[in-house]
């Protein structure tokens, strides 16, 4: 009986050990949230879009993540721009955003994550502005881990590539 009680307590603690104040810095590279559950392998019910397919170095592009249906909400995210394995550029979170915050994954503001919010404040759509480094050229993809709830999450979902052009 005591064993069952201990298992129940440990399970409850695991369920509350998700990261309500944002992704841990340890998730910056692999983008795995550490929920003690396996990520979903089927395609995510979310899209990652940009209004343009190319931008000059030093310029910005809006990146939008949307659930495909109203039920496809987000409890948490970790969003980065990647060129190969490198996290590049900086993000701007809209003023007054009650869902998101910039994150330091080696450089200030080079990722976006969620912050503490009530379940009723889960989002179906979020948008952020990404600014390319002025000296960057080549393709970049926007990579996101999306958490719908503790046991339903998709890791390292990618956008179509955006070409970064020489700013000269």
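Glycine residues also receive a Cβ, built from the backbone N, Cα and C atoms like all the rest.
Some features that Swiss-Prot has for this protein:
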SIGNAL    1-18  signal peptide
DOMAIN    19-168  domain 'Reelin'
DISULFID  28-105  disulfide bond
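Look at the domain 'Reelin' (19-168): DSSP puts its residues at 6 helix, 68 strand, 76 coil. The Cβ of residue 28 (disulfide bond) lies under 8 Å from the Cβ of 78, 80, 87, 103, 105, 106, 111, each of which sits 6+ residues away along the same chain. All protein chains considered, the CB of residue 105 (disulfide bond) has 19 other CB atoms within 10 Å. For the domain 'Reelin' (19-168), the mean pLDDT of the prediction comes to 92.
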